[in-house]
Amino acid sequence: MSSFTPKKVGNMRYQIDADSSKGMKVPVTIFADEKLLTKMMTDRTIQQAVNVSTLPGIQQHAIVLPDGHEGYGFPVGGVAAMDAEEGMISPGGVGYDINCGVRLLRTNLTEGDVRPKLKDIVNDLFKSIPSGVGSKGAIRLNTSELDEVLVRGVSWAIDHGYGTSDDADVCEESGQIANADPNKVSDRARKRGAPQLGSLGSGNHFLEIQKVAEIHDEKAAKAMGIEKGSVTVLIHCGSRGFGHQVCSDYLRISEQAQKKYDIHLADRELACVPNKSEEGESYRAAMFAALNFAWSNRQMISHWTRKSFERVFKQSESDLDMKLVYDVAHNIAKVEKHKIDGKLKSVVVHRKGATRAFPANMDDVPAKYRDLGQPVLVPGSMGTGSWILLGQENSMNTTFGSTAHGAGRMMSRTKARRSFTESEVKKSLSDKGIFLKSLTRDGTVEETPQAYKDVDAVVNVSHELGIATKVAKLVPIGVIKG
């Protein structure tokens, strides 16, 4: 329970003023409706944001987005920008699942085409795409091959037959961020990561077959190649054990460096180092390698998804028009230019459970969408739905070009296991016309829709504030979980 009481400073906007007696260097801003804020007050979300506001070099404010909930160090749904010259970089500000992210594939199939073969396609996907805790991918990499993945990301996968060059055109950073350095990655991370490339994993990771239920922006939907009633596929996963180990390694290194740089932390989970320090440069290079691992991972899963659809529907992926709409990361830190006190400044933007939401006419938005704005993918729980949004100019003025990344948990996995049975969850989904294939009982009950906030409410906050606006709502018809 938070000991802080945020004050309302605008529509769906709350603030905790900077209090130097508590070490706060900037205020905390929370974007939420009353119900979402009330839920945040029941755990350490607000306290964690206050702790973030004490970090050296933080700019303007520490941000909590409407899906915010308690995390490690930073709240999940947290954004903070640090002065790139004098500020910090924090592994806890990115999280363990580096570049956990989502990508959306479109098809020209309708729900009517898919329903008669729904179990066939879900079963084929489940068989083709490894999932679950510790799951291993279908390929084996030697050290030099893994290094190439860590440097080249999506382009490595494409060059090895997993997709086509136009896939890279619609990925954040083209699916290949520069300045990744495999030499900054531990042997332990390599050993964990090499067998897992091309696997979905467990927890809240999933693959969903969805139908487009609502269109709110016809122009944007047309540019993305989707229409009401069409079928899409949403893939949600990250860097697996590789990213987890990179985070663990550099949290330890950062903790050991606190005395060296005379850093005093409100919470040891916020362990950080100066962005320009040797340790900071090393973490960024290793974290970027994990970003590329995750982009390659999602690219391979996309390829196998296309092949499953080809087998079940007896058509080629080009005949099915299975194009990638967009791929976006939601656990990431990178240097961007943002206006601080009226001047453009280089800052390290930490997005922990947050999605980039850049507006139109920015060079970092893919050429295909530059006139519109960046697509934003916001997955909900497996029984509710997901949203496609479009980044807007107001995101640059309020959230360092960021918005929510999902529904956000409101019930712990332990409580979900105690509260629901596997048969209850499956029946609830079946009653909604959703076919679920899950590897384990825990994988089913921990991710019950009741464990998550209302994704529609989360999206409404973003839409009403003009941070990212609604394009389309997607609802699941088939779900695969680890």
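For all residues, glycine too, the Cβ spot is worked out from N, Cα and C.
Residues annotated as active site, GMP-histidine intermediate in TrEMBL: His405. The Cβ of His405 (active site, GMP-histidine intermediate) lies under 8 Å from the Cβ of Leu65, Asp67, Gly77, His330, Arg351, Gly353, Ala354, Thr355, Val378, each of which sits 6+ residues away along the same chain.
There are 25 other Cβ atoms within 10 Å of the Cβ belonging to Asp97 (Mn(2+) 1 binding site). For the recorded site, Asp97 (Mn(2+) 1 binding site), the DSSP three-state label reads coil. The Mn(2+) 1 binding site annotation in TrEMBL covers Asp97, His205.
Of all Cβ atoms in the protein chains displayed, 28 besides its own lie within 10 Å of the Cβ of Asn331 (GMP binding site). The feature GMP binding site is assigned by TrEMBL to 204-208, 330-331, 379-382, Ser386, 405-408, Lys481.
Annotated Mn(2+) 2 binding site per TrEMBL: His236, His330, in sequence order. Every protein chain considered, the tally of other Cβ atoms within 10 Å of the Cβ of His330 (Mn(2+) 2 binding site) stands at 30.
Across the structure, His205 (Mn(2+) 1 binding site) and Gly408 (GMP binding site) are spaced 13 Å apart at their Cα atoms. Ser381 (GMP binding site) sits 11 Å from His236 (Mn(2+) 2 binding site), counting Cα to Cα. When the binding-site residues Asp97, Asn331, Gly408 are screened for a Cα within 10 A of the Cα of His236 (Mn(2+) 2 binding site), none qualifies. When the CA atoms are compared, the binding-site residues lying within 10 A of Asp97 (Mn(2+) 1 binding site) are Asn331, out of the candidates Asn204, Asn331, Gly408.
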